[in-house]
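Have a look at the structure below, then the notes.
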Amino acid sequence: MFENLCALQLDSDLFAQAIHPEEPIVAVGLASGHVQTYRLPPGASDDSDPDEALAAEKGFGHIATTWKTRRHKGSCRTLAFSVDGSSLYSAGTDGIVKVADTTTGRVTAKFAVPLDLANGGIDAPTLVHALSPQSLILGTDSSALHIYDIRDQGAKSAFKPQATHRPHDDYVSSLTPLPPTEASTSGFSKQWVTTGGSTLAVTDLRRGVMVRSEDQEEELLSSVMVTGLSKKGTSVGEKVLVGGGNGVLTLWERGVWDDQDERITIDRSKGGGESLDVIALLPDGVGPGGKIAAVGLGDGSLRFVKLGPNKIIDELKHDELRQEGVIGLGFDVTGRMVSGGGKKLNIWGEKTWQDVPEDDEDEQEEEAPANGKREHESDEDEDSDEDMEESSEDDEPKQKRKKRRKGKGGKQAKGHGILHFSGLA
């Protein structure tokens, strides 16, 4: 279904990944505190030069580092683009949230994460999410969920929480907005689902925590919303998929939040399944059709589940050599899949060779490099953060956050590599 187009080597372990909503741009946050953005080659769905798009489709494109800087003291834990993609939010173990211009990387605003009420220390962030042009949500280790009104970032009160909720007893591990109802006048979500510990909760922008599920007796780590499913019986055709720490994907019917509706086993490794750390839904027009979820596992596997039959239809490996968990997973505006984990970022495209005549396929194989793909090393000469409103260059490196590591599990899929990007050293 997908083949590896390019592998980019990172300078430090990946802790966060974000994909631009309107342009082929990927941002990464690293254990070293660095934040870096890459611009991918244009795709068929871009409005760019058709010749460039054709070159990228044939495997001849260039991935450019737009900017790179040490943004945080310690590690960068989470990243998120604004709704229109003009700003990039980052938050680190230094207890600071910074807002940067996506194009230049220059910091335009910053504010401190509220301290942990239990000990008065830094309450490290776990996620940041731009719900709308008006609202920003920040989750922390202490289970706090802070809501900010960011319409006027110049106001002194702009970066003080308008409200704080605690939907879980443990840290907030994932957040998924619920689609706005037909009665919505803004077109933006005002409710969202979060996971934390062994519970799922629904929170409303104005009314706070509305419902919390029963204890699922398993760790809930990731989530994604799926719409357009079959409406049978009382089903509204909308479900939230939740990835668990034991290799099971659970489905939750919208509006029925007390308990899960269905279960799909993704991994059956001995000693308990691998954790399902991240989930992304294939965009319309990508893949063989139907609703398909891509799931990133703690052992570095990528598995694809077709909803309805609820069956695994394909499997890939983020890294053939190392068993690093998949930390980031998503699709850019052109439909390419981006997976991140360890010190590696992979760009995947849909397989194209199935529809190529045998003669043409032979010619392509002769022209392809022997190893099928090339590694892209990070640029060591990128600008530092000296020209920005930063003071983190003088800090000593902090200890990296411990990452979840489990035993080997699952069958490794053979790597693809018929396409590649040229010019990547």
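Backbone N, Cα and C define each Cβ position, glycine as well.
Per Swiss-Prot, these features apply:
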- 356-368: compositional bias 'Acidic residues' (COMPBIAS)
- 378-396: compositional bias 'Acidic residues' (COMPBIAS)
- 399-414: compositional bias 'Basic residues' (COMPBIAS)
- 354-425: region 'Disordered' (REGION)
- 9-48: repeat 'WD 1' (REPEAT)
- 71-110: repeat 'WD 2' (REPEAT)
- 117-158: repeat 'WD 3' (REPEAT)
- 219-262: repeat 'WD 4' (REPEAT)
- 321-358: repeat 'WD 5' (REPEAT)
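The largest share of C-beta pairs under 8 angstroms with the repeat 'WD 2' (71-110) comes from 117-158, of the ranges 117-158, 219-262, 321-358. Each residue of the repeat 'WD 5' (321-358) gets a DSSP state, and the totals for helix, strand and coil are 4 helix, 16 strand, 18 coil.
Here the repeat 'WD 4' (219-262) is broken down by DSSP into helix, strand and coil counts: 0 helix, 20 strand, 24 coil. Averaged across the repeat 'WD 1' (9-48), pLDDT for the predicted model comes to 92. As a summary of secondary structure, the repeat 'WD 2' (71-110) carries 0 helix, 22 strand, 18 coil according to DSSP. Note: the repeat 'WD 1' (9-48) comprises 0 helix, 19 strand, 21 coil (DSSP; helix = H, G, I, strand = E, B). In the repeat 'WD 3' (117-158), the DSSP tally of helix, strand and coil residues is 0 helix, 17 strand, 25 coil.
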